[in-house]
């Protein structure tokens, strides 16, 4: 437990961190990765070069300082971070390295304002946060290892099938190279996949949602969008262009806290933009495989027909099951696109226009897609009277709807 004096000192830095947080985190990453270059393989170099990683850490540090009197407010964020750390193979010993460079960066960036007393206070606060994360991650590692077919760290998987789903998205069916079993997982969870990127001279990890329902014997499926640019798209480009059937990938055990509550029986509305449909398809397939009779709505946004993935599969489920209804939005409708078959609505997703279809009593709403898409749907759901605790969200990327 932190003393009142320590909490007061840390909290007093929150305004400074909000103003100068990115300068601090840029300095921190340069310092830490310069002194520990092996850690570059843990970090998404695309996010490093775009500044996204620095922005995210700056926001997290400022939020921790602001809520130091009641860090329980941040527990949902801590849970999400812990799942990602386990997926990446972050271990307890890494926290000492981070702490060393974070405290040194605070001193070097804040200068005379970083008194010994302030550094000691931040050391105590960081220690509290590190202990919380280490404890939760230890439990997640143990759970991953104890499942039938489970493991920790990286495991070799062979690509047994590679299937294009659209002009931009390709599915990879992965089976353990050792011939062993694969573990069960929750619909909505993801794995990390690690590949060598020659242009960077590094192994690089990325997280990809499992896009099939749990229970596919001896296999896992990920569906990967080819991202543009370098280095942001280097891993997806490597998977699309260089990885073929028979090749081997490093894969982490399934993790993630964005998961379907399949047992409560409430109606489910699945809202996705672009490649954000991948966890939604896992959820939809899980529910329909169980012959779950609850009302299910599948709302999806994409730019145009060429990038519309898994269309035939979704259409078949909706045609066969009266409790499943779809609403597909195309931003650009082509001359050959058929309303009711290829798409249902033109333009961007407008929940107000389809409120009678998607606003269901006591429903749970699952959202996944680019950040602007997510923000727009959250606002619309709030305007339509959906309670905040009924909205469950996962953010994919930072760009537009794919």
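Any Cβ shown, glycine's included, is placed from N, Cα and C.
Values in this document were obtained by computation on a predicted structure and should not be read as measured data.
Taken verbatim from Swiss-Prot:
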{"type": "DOMAIN", "residues": "1-138", "note": "domain 'Globin'"}
{"type": "SITE", "residues": "29", "note": "site 'Involved in heme-bound ligand stabilization and O-O bond activation'"}
{"type": "SITE", "residues": "84", "note": "site 'Influences the redox potential of the prosthetic heme and FAD groups'"}
{"type": "BINDING", "residues": "85", "note": "heme b binding site"}
{"type": "REGION", "residues": "149-402", "note": "region 'Reductase'"}
{"type": "DOMAIN", "residues": "152-261", "note": "domain 'FAD-binding FR-type'"}
{"type": "SITE", "residues": "394", "note": "site 'Influences the redox potential of the prosthetic heme and FAD groups'"}
At 10 angstroms around each C-beta, which of the recorded positions 84, 85 has the fewest other C-beta atoms nearby? 84
May I ask which residues of the same chain, at least 6 positions away in sequence, place their Cβ under 8 angstroms from the Cβ of residue 29 (site 'Involved in heme-bound ligand stabilization and O-O bond activation')? 43, 48, 53, 54, 57
By the DSSP assignment reduced to helix, strand and coil, which category contains residue 394 (site 'Influences the redox potential of the prosthetic heme and FAD groups')? strand
Cβ neighbour count within 10 Å of residue 394 (site 'Influences the redox potential of the prosthetic heme and FAD groups'): 22
Please work out the helix, strand and coil residue numbers for the domain 'Globin' (1-138) from the DSSP assignment. 120 helix, 0 strand, 18 coil
Residue 85 (heme b binding site) and residue 394 (site 'Influences the redox potential of the prosthetic heme and FAD groups'), distance between Cα atoms, whole Å: 16
Residue counts in helix (H, G, I), strand (E, B) and coil for the domain 'FAD-binding FR-type' (152-261), per DSSP? 9 helix, 46 strand, 55 coil
